[in-house]
Each structure stands twice: as structure tokens, then as C-alpha cells.
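Chemist: There's a structure below that I have some questions on.
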């Protein structure tokens with residue numbers, strides 16, 4: 001899980017940023033990206049691809065990551081997703097997450113000292129060097145940490161939305177197209193949180 005971090009260090013980068021997103025596939029809610037710089041590898045055993053962890057394990061890892069790392073979060077809501085498409089919205093969330101992370105530095109780092117380790121198909125429009133790693137959340141500790149932060153932040157957002165729109169059950173399915181969610185959409189219609197471009201294809205497949 002540290003091969004890519006060590007490779008980047010060997011290549012002369014002093015600031016290694018893991019980047020991942022959560023929420024590409026749901027029918028409702030935002031896409032969330034996280035950018036993480038690990039300050040210690042002492043909690044290596046706690047970190048893995050967020051999809052492989054239970055909710056409790058993610059929460060425990062998240063609590064430790066936010067203390068033992070620097071991080072930034074980017075959020076693009078359903079309006080942005082409908083406006084520019086999900087891939088572009090995810091890339092904008094990445095840029096926002098990285099920018100917020102860099103804002104935490106007292107002195108802006110030299111551009112050439114920074115490399116972004118991006119999971120899979122993610123892209124950044126920022127001027128830092130970047131490496132895309134397919135399956136990166138299972139291959140890079142930094143990306144795995146970012147995947148946990150993004151997932152936990154998004155799940156908590158959906159928990160808040162569940163209190164506003166309890167009829168949809170967002171805290172259970174997090175906006176994904178489960179049978180329960182589709183039934184609730186059919187019964188209640190769409191909320192302001194639903195991605196119109198996604199839901200139209202589900203409700204009107206022809």
C-alpha cells in the first residue's frame with residue numbers, strides 16, 4: 001500500500017496527496033472528493049479501500065485520519081452534476097478538495113514538490129503533477145485514506161438530508177438506486193436532492 005508513495009519520494013516529490021471521490025453513482029445527493037496528505041503511517045492497518053470496510057470501521061479510521069493527516073474536501077451538489085455531468089462534477093470536486101488542502105499550508109508549497117495520486121478515472125485541472133492509479137484505493141495508502149474521508153463525509157451529508165426528507169430513507173441507501181429508494185421515488189416523486197439527469201433515465205427508460 002506504500003509502493004506509490006515511496007516511488008514518488010524517490011522521484012523527488014516531498015508532498016504526496018492521495019485523492020479519491022464518493023458518490024459517483026447515486027441518484028441523489030452530491031459527489032464528494034477528498035485530498036489527503038498522511039503525516040504518519042502508524043495506523044496503516046486501519047486503512048483500506050472504503051468499500052471494504054464496515055461503516056463502524058470507516059468512522060474509526062476517519063477519526064484517526066483527520067487527526068494524523070492534512071486533508072481537504074470538495075463537494076459538488078446535484079445541481080452541478082446535472083449541469084456539467086457526473087464526470088466533470090467529480091473533477092471539479094477534486095480540484096476543490098486539493099485547493100482546500102493547499103490552503104492549510106502556511107506557505108504555499110512549490111508546485112514541483114507536489115504530486116497528486118488520483119484514483120482511477122479522476123482528473124485534476126490544477127497545475128500539479130498527477131498520477132492516475134487504476135484501483136488506487138486498494139493500492140495506495142494515501143488514496144485509501146482519501147476514499148474513507150470522502151465516503152464518511154458524504155454519508156454524513158446524506159444523514160442530514162434524511163432528517164430533512166425522511167420519506168426517502170437517505171440514511172439507509174445514501175441515494176443509491178436500491179429497491180427501497182426507487183419505491184420511494186415512485187410514491188413521493190423527486191426531491192430537490194435528486195439528480196434529474198440520472199433519475200429521468202430510471203423513471204423513463206424509453
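Each position is counted from 1, following the chain as shown.
Cβ atoms are placed via backbone N, Cα and C, with glycine included.
Automated prediction, rather than curation, is the source of TrEMBL annotations.
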Chemist: Same divalent metal cation site as 20, 21 according to TrEMBL: which of 82, 95, 119?
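Modeler: As annotated by TrEMBL, 20, 21 share the divalent metal cation site with 119, chosen from 82, 95, 119.
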Chemist: Among all protein chains shown, how many Cβ atoms are found within 10 Å of the Cβ of residue 119 (divalent metal cation binding site), not counting that one?
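Modeler: There are 27 such Cβ atoms around residue 119 (divalent metal cation binding site).
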Chemist: Name the secondary structure element type, per DSSP in three states, that contains residue 21 (divalent metal cation binding site).
Modeler: strand
Chemist: What other residues of this chain sit with their CB within 8 A of the center of the CB atoms of 20, 21, 119, the recorded divalent metal cation site?
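Modeler: The surrounding set, listed in chain order, is 19, 22, 33, 34, 94, 118, 120, 122, 136, 137, 143, 146, 147, 150.
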Chemist: Roughly where does the domain 'RNase H type-2' (14-206) sit in mean pLDDT, to the nearest integer?
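Modeler: PLDDT averaged over the stretch: 93.
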